[in-house]
Amino acid sequence: MGVLVDSQKEGFGSSWGGLKNLVRRKQVDCAHTKRLDNPQLAKELTIPHLVAVGVGSTIGAGVYILVGAVAREHSGPALSMCFLIAGIAAALSAFCYAELASRCPSAGSAYHYSYICVGEGVAWLVGWALILEYTIGGSAVVRGISPNLALLFGGENSLPTFLARQHFPGLDVMVDPCAAVLVLIVTGFLCLGIKESALAQGIVTAVNVFAMLFVIIAGGYLGFKTGWTGYEVPTGYFPFGVDGMLAGSATVFFSYIGFDTVASTAEEVKNPKRDLPLGIALSLSICCCLYMLVSIVIVGLVPYYAMDPDTPISSAFASNGMQWAAYIITVGAVTALISTLMGSILPQPRILMAMARDGLLPSFFLDVNKHTQVPVNSTLATGIVASILAFFMDVSQLAGMVSVGTLIAFTMVAVSVLILRYVPPDEVPLPSSLQESIDSYMLRHNSDAQMINGENPAKSPGDPCLPLLGEKKVAVDCTVVEKLEALSSCTLDEENRRKIASWTIMLICVGAFILTFSASNLWFSSLIRFTLCGAGGLLLLSGLVILTCIDQDDERHNFGHAGGFICPFVPLLPISCILINVYLLINLEVATWVRVSVWLMIGVLIYTFYGRRHSSLLNAIYVPKAHVDEIYRSSGAML
């Protein structure tokens, strides 16, 4: 099981010590973990704020363009079914997020959950990937605002010179001052406070939603007037078959990315156990309904093969004599982009702050403004970097990298739910400052056990297993954990159950990778492909059966803030979530993976030379969870 980590310092020596660094886990939020030297964020958010943040971060301008391309190439009139299937797939991740967010309501989102349930190494990679996602995502989004603003004001060259895009032929660079200014304005809003930020995002999101409602209502009127000609096509409702519809679902799945922003604000929610699950569920439900209604209307106005892939909604209204509707649609697109920009910049400072709290990043990112209670240094750093990228770089080619961070996070959140249910952490890291209290507690209980057995409780001078009181970092043969575990009431059956569950969860992840990789690579020979698919499917099915048959851990009821949302259909739902997200990861372009690999390698170097050496768990002492409260009480009595 666990190991006493007074040996997690530099001199530990062997490669096994480095591996233990990667799997060490931090303590779930509780009264003991609230350190006075770590400033807390303001608890200001309620359900309406969370819905505004979730919907605003999810509904981007892509819906105004995506419907045309997907309908023409994949779904035909069945476009609404694509959004429904993708929404159901996104809901699997949303259920997992809802449980973990209500149990562990601290800043950091998927990074925080991975650190608690999986380990430091995976958590670092998740956090590092999310930093990439939000930086590239915000920069890519804002570059699309200035062309739409220009259309509102009369054409491509209608913006003032100091805001208009300028091309430098010698450098082959197209600078976008408008994009950089907008990023800085949004950054300023986010520095005012979380409540003010949520209010501003709510206003911008409301304008976007009204534009979508206009499309639905006005388009519905035109549809009934013209007889829904888009559905009267000879090819039928599924012109590309079910396979085409599923391919379209995989494409539109990324239009649901953004609801996880709600989880990143967990520390600032007044009632996280109730409000976070509701905020996530309502955000996703509203987005799914709007997407489906817009797609139903637009596909009905124009046959799918006649849709404009670049401006499908505007052209659909124009073909029915409503050219002026393009202005309303453009306003909706601009507000959608601004709202998505806010949703990209909002979570990243909180992830940077959470990583700095854990010692994996410099304490510069930890500073919280006393008045606004916002991580101001992290917010300013995020905004400045995003504005520089938006000004100089056309990051549209890097936009695929945004998906990697999200899908990795979704996958690890699902894995964390399985770990929470079947093998929740049974050891808690305590600061090395409590070494004396732990030694005293261990000696006292060891003495009690010896008296019960009729033995002499006096310590033998030659006993190498008991560290001396007052001495720190003493080399011992028997760790404190082993002594305390000897006193616990764990049965052999429980230990075996945890081992079986741990191996099963690992094999499920391996099986999902083998199945999706072999199914997606058509260059394999048929024999090899079907063999690998069978092996991966067998591992997945066996894992599902084993986890269904064995009992879940009783400690899951006491993990974190108990009494919140409980993810249903475990283990089926998290396993399905893992399979879907790994499939989408495998099917990203090779160029995207090459770029992401470079970024992740940079992250590995930073962790190796900084994060690992400054981790707050560097000298932590792991003790069984059952004894933590008593050790803290003992330490209070000794002060």
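The backbone N, Cα and C atoms fix where each Cβ goes, and this holds for glycine too.
Pulled from TrEMBL:
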DOMAIN    565-615  domain 'Cationic amino acid transporter C-terminal'
TRANSMEM  77-98  transmembrane segment
TRANSMEM  110-131  transmembrane segment
TRANSMEM  173-194  transmembrane segment
TRANSMEM  206-224  transmembrane segment
TRANSMEM  236-259  transmembrane segment
TRANSMEM  280-304  transmembrane segment
TRANSMEM  324-346  transmembrane segment
TRANSMEM  374-392  transmembrane segment
TRANSMEM  398-420  transmembrane segment
TRANSMEM  500-520  transmembrane segment
TRANSMEM  526-550  transmembrane segment
TRANSMEM  562-586  transmembrane segment
Practice problem: Could you check if the transmembrane segment (374-392) is in contact with the transmembrane segment (206-224), meaning 3+ Cβ pairs under 8 Å among residue pairs at least 6 apart in sequence? | Solution: no
Quiz item: Is the number of Cβ-Cβ pairs under 8 Å between the transmembrane segment (206-224) and the transmembrane segment (324-346) three or more, considering only pairs separated by 6 or more positions?
Solution: yes
Practice problem: Would you confirm whether the transmembrane segment (398-420) and the transmembrane segment (173-194) meet the contact rule of 3 or more C-beta pairs below 8 angstroms, pairs 6 or more apart in sequence? | Solution: no
Quiz prompt | Positions whose Cβ lies under 8 angstroms from the transmembrane segment (526-550), at least six residues beyond its ends | solution = 418, 422, 497, 500-501, 504-505, 507-508, 510-519, 571-572, 575, 579
Quiz prompt | Residue distribution over DSSP helix, strand and coil in the domain 'Cationic amino acid transporter C-terminal' (565-615) | solution = 40 helix, 0 strand, 11 coil
Exercise. Run the contact check on the transmembrane segment (562-586) against the transmembrane segment (77-98): 3 or more C-beta pairs under 8 Å, excluding pairs closer than 6 in sequence.
Key: yes
Self-check item: Range from 77-98, 173-194, 236-259 with the greatest count of C-beta pairs under 8 A to the transmembrane segment (324-346)
Solution: 173-194
